[in-house]
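Here the structure is laid out as structure tokens; the discussion comes afterwards.
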Amino acid sequence: MAAVEANGTFQANTKTTEPVRPLANFPPSVWGDRFLSFSLDTTELEGYAKAMEEPKEEVRKLIVDPTMDSNKKLSLIYSVHRLGLTYLFLQEIEAQLDKLFKEFNLQDYDEFDLYTTSINFQVFRHLGHKLPCDVFNKFKDSSSGTFKESITNDVKGMLGLYESAQLRLRGEPILDEASAFTETQLKSVVNTLEGNLAKQVMQSLRRPFHQGMPMVEARMYFSNYDEECSTHESLPKLAKLHFNYLQLQQKEELRIVSKWWKDMRFQETTPYIRDRVPEIYLWILGLYFEPRYSLARIIATKITLFLVVLDDTYDAYATIEEIRLLTDAINRWDISAMEQIPEYIRPFYKILLDEYAELEKQLAKEGRAKSVIASKEAFQDIARGYLEEAEWTNSGYVASFPEYMKNGLITSAYNVISKSALVGMGEMVGEDALAWYESHPKTLQASELISRLQDDVMTYQFERERGQSATGVDSYIKTYGVTEKEAIDELNKMIENAWKDINEGCLKPREVSMDLLAPILNLARMIDVVYRYDDGFTFPGKTMKEYITLLFVGSSPM
């Protein structure tokens, strides 16, 4: 095997002739073995669970309080949702919202200010009710058709309208206008603001709540919205205890997958790959943070780490001949195929087959082996997709945009990650749920498209510099004869419309339960987190480092 320099690049061994390899020189891990040393104190974990009982009951009573004003009730539910506590009171919240939605009267909103209207709109839309966007009509000037100048003096209201606009659907031009208008206005005043309002506006402009990672958004909410939280003392108390409880559980999960990764010795056998265990765990945590999904997170993290090894082998080390052999071996999925692949990748291949076999064996006992098979088939699909990309690169071929997207939706890794996320979710992922996934519904297509194009828009220059296969940006330019800026603008419009389709799919009546839709929505959110401003996975020193520090390194809030 080739020697490795300190900077991570491979050099040809002087004693043997090494093939020319497309080395990427990925940055090393930011974290090293930091998370291996964590030791879970179960007494502390149980202490937080017990301490949550009293404030949880107090918050439950507030939610069901029949004497509370409806706007105050919706404001309370809004804070509960922003704090990541909805799942603790799901039945109570749904009952309250069902009742309030049935009582909805557009004329009532004539009396509400912009902030109240926005909060109510967000609560209903976030939790599945299609409150009409007509509630914002009164804030537009009837003669000019634009938003009234007077609302520019209400920064809190404009912030609420900006967040509301992220929940828009196709055919809601007032919210398209609201998004552009409020973004411009908020950017013009943000540097004049002070205190928590300044933090709230900066946070929202950087990434609106609806596009954010739920755990991080919850952590920042009780830091930046203490006034909203402090109306009811039990709410911030519960939120902080809840965060601390989850933090302990999740640090233990991160320790488990970090130890597994180290024991598998991938950094020794395939040292050219990106060492990104905490980043992958963070990515999966973004799909579901609730305690009941602990096993699911561990399983999905391991499978996604397999994907990193595969991706970097195809993209940053293997020759085209080696890629063809490895793809064939993955298609065969048989230990006897190990003899045909290069020696450096054999340990990975064996571990891959062994881990999937063990998963299938364990879930077969529960009658749920089909979810493992679906994940395995998605893994085989992506290997074939990576081969297609490699063949294009090898021949210098730039695919047409439709051709690129057909393969690119596979190589985005969305299908592998989303199906692997189902494996450990338990009884809710039965044959009907898998059949729904396999039908490739519109909501899934939209999230998948975001996964592909958000990545392309952010990474196309880096990929060009490395001489890798053309991205969606390059294919769009070639196919439609547009400039680079025009291509990026068009891809961003496609991303924007895909978000509208996801929003529509999460409204009642839903095709499947929100338990199944949430990972789809959240995977789109995590793509935004990782790729909005940079390639946060390849170069994790900014956003992902900040988020990992906030959730696993920084001190807990109590």
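Cβ atoms are placed via backbone N, Cα and C, with glycine included.
Swiss-Prot lists motif 'DDXXD motif' for one of the ranges 126-130, 181-185, 311-315, 501-505, namely 311-315. A helical conformation is recorded for Asp455 (Mg(2+) 3 binding site) in the three-state DSSP classification. If you take the C-beta of Thr459 (Mg(2+) 3 binding site) and look for same-chain residues 6 or more apart in sequence within under 8 angstroms, you find Thr471, Tyr531, Asp535, Thr538. Here the C-alpha separation of Asp311 (Mg(2+) 2 binding site) and Asp455 (Mg(2+) 3 binding site) works out to 14 Å. When the motif 'DDXXD motif' (311-315) is classified with DSSP, helix, strand and coil residues number 5 helix, 0 strand, 0 coil. Residue pair Asp315 (Mg(2+) 2 binding site) / Asp455 (Mg(2+) 3 binding site) shows a Cα separation of 15 Å. The number of other Cβ atoms within 10 Å of the Cβ belonging to Asp311 (Mg(2+) 2 binding site), over all protein chains shown, comes to 17.
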